[in-house]
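A.B. asks: The transmembrane segment annotation in Swiss-Prot covers 7-27, 31-51, 63-83, 93-113 and is backed by sequence analysis.
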């Protein structure tokens, strides 16, 4: 009985913490003059709490495993909603594909530039011009 209550407590604590970050993000988003989704701000809050080790990762692990395990199921309503606008998507297929391709290219270029900026060029041992 005690083990069952402990497992229930771990899952309950995980979901409460995840939802607390979500609703804090929604609240902060409602105060901002710029439109940023509250779920994104909530994820950033959760990330900061975990990165600074204010919130132990083991407290949110059980809830995260459940959400990741059933993630595909959570996308079904979105897919059904998109299919309601299939005619509109078919009419705008070209611009949608072009915008996806351009945004993918922009993300690729920005990430490669920022990676080069952060990591820099590394000298290889034995490379011409490297000091030994």
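Using the three backbone atoms N, Cα and C, a Cβ is placed for every residue, glycine included.
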A.B. asks: Short question: which residues 6 or more past the ends of the transmembrane segment (63-83) have a Cβ under 8 Å from it?
C.D. replies: 11, 14-15, 17-18, 89
A.B. asks: So what's near the transmembrane segment (31-51) in sequence-distant terms, Cβ-Cβ under 8 Å and 6+ beyond its ends?
C.D. replies: 17-18, 21-25, 57, 60
A.B. asks: Could you pull out which residues elsewhere in the chain have a CB under 8 Å from any CB of the transmembrane segment (7-27), counting only those six or more residues past its ends?
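C.D. replies: Here the qualifying positions are 38-46, 49, 55, 59-64, 66-67.
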